[in-house]
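Marked as transmembrane segment by TrEMBL: 12-30, 50-69, 103-122, 195-213. Per TrEMBL, region 'Disordered' is recorded for 76-95. TrEMBL lists 86-95 with the feature compositional bias 'Basic residues'. Annotated domain 'Fatty acid hydroxylase' per TrEMBL: 196-327, in sequence order.
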Amino acid sequence: MLSQAQTIRAVLAPVLLTSLLFPLLYQPFLDSTWSTLRYTSLYNWSTFETIWTVFCYAAIEVSMTIVFLRHPEWRLSPSSSPSSKPRPKPKGMRRPSRRIGEILLYIAPLLTMDLTMIKKFADVPLADILSSGNYNAHTHLAPPDDHHLLATNASLPSKSFLLPTLHNFTASSPLQLVRALPPDAPSSRLLATELIASFLIYDALFFAFHLSLHQIRPLRRWHAPHHAHDTGIHPQVTNQLSLFERLGLVLLANFSLNMIGSHVLTRTLFVPVFVWLLVEIHSGMDLPWGYDKVLPQGWAGGARTHMKHHAGGGGGLEPFFCWWDRLWEMCR
């Protein structure tokens with residue numbers, strides 16, 4: 001009989017392979033889904049990704065906390081082996097009603113960026129991006145020989161996905177309220193490759209960021225709150241971060257998606273997977289369906305490795321995989 005992890009692998013592997021090899025199988029579904037999303041008001045809001053991230057985090061963290069409380073036999077001890085006896089609820093776990101300040105601290109800087117910066121996505125016509133940011137597309141897309149219009153081009157926003165561009169603030173458009181979306185759905189092949197690439201890029205970037213938080217003395221105090229807990233970790237530790245860390249985590253994820261020019265639908269799918277993995281590695285549990293058991297052996301760190309990191313045992317600097325951790329240990 002297959003284990004839970006093997007069952008998940010048996011389902012996901014064929015889906016991944018057929019997505020890459022036979023993208024036409026999924027195109028009608030993707031076209032229909034994208035058409036629905038593209039003409040949904042909420043999905044066009046500039047704040048959608050922040051709202052979606054908060055929703056996913058709340059749903060996943062609460063669900064994982066319930067599992068944590070109901071299955072003490074799955075909990076890991078700091079020595080990275082399953083606890084032999086059930087333990088009471090760890091000190092520091094709080095009800096959602098007592099975490100309003102934490103929620104506001106998380107969303108305030110993200111909403112500020114959402115409402116002031118233009119959203120620039122791959123495959124979106126530049127005219128649509130300009131219009132969404134309250135710029136005159138006709139003026140900024142003037143032909144090279146139109147000197148009068150080009151003279152007004154000083155405020156032309158950057159076309160690059162990697163460089164931020166401010167909204168053109170006016171009395172009639174004081175905030176960036178919408179985002180321009182690509183007209184067509186991606187293929188399943190593009191979705192799969194972009195998701196894989198974005199997680200690999202993020203894993204490497206966050207490893208470097210996390211390493212700096214431990215190695216550079218002035219940064220250590222900003223990372224200290226994340227390690228300020230009792231002997232064991234639990235799902236709520238995921239968001240036990242300083243503002244600096246929280247922004248670093250989100251901006252690196254966004255950069256990983258932007259640097260490959262990912263489709264907006266890729267970004268939408270990235271969020272729940274990303275949040276799930278973050279909460280899982282901080283769950284403090286040896287889950288039967290843990291992603292480290294689903295992936296081939298030796299590819300992932302998982303909750304056990306991250307528990308060891310929080311216990312001061314080294315390793316676990318890399319969030320999801322383990323290749324950069326191994327390279328770092330070899331270099332040391």
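Cβ coordinates come from backbone N, Cα and C, glycine included.
The shown structure was predicted, so the numbers you read here are calculated from the model rather than taken from an experiment.
As a quick check, the transmembrane segment (50-69) and the transmembrane segment (12-30) miss the bar of 3 or more Cβ pairs under 8 A, pairs 6 or more apart, so the two do not touch. For the transmembrane segment (195-213), same-chain residues at least 6 beyond its ends with a Cβ under 8 Å from one of its own Cβ atoms are 219-220, 222-223, 245, 248-249, 252-253, 255-257, 259-260, 262, 266, 269-270, 273-274, 317-321, 324-325, 328. Within the domain 'Fatty acid hydroxylase' (196-327), the DSSP-based counts of helix, strand and coil residues read 88 helix, 3 strand, 41 coil.
Beyond its flanks by at least six residues, the transmembrane segment (12-30) meets 185-193, 265, 294 of its own chain at Cβ-Cβ distances under 8 Å.
Summarised as a single figure, the pLDDT of the domain 'Fatty acid hydroxylase' (196-327) averages 91.
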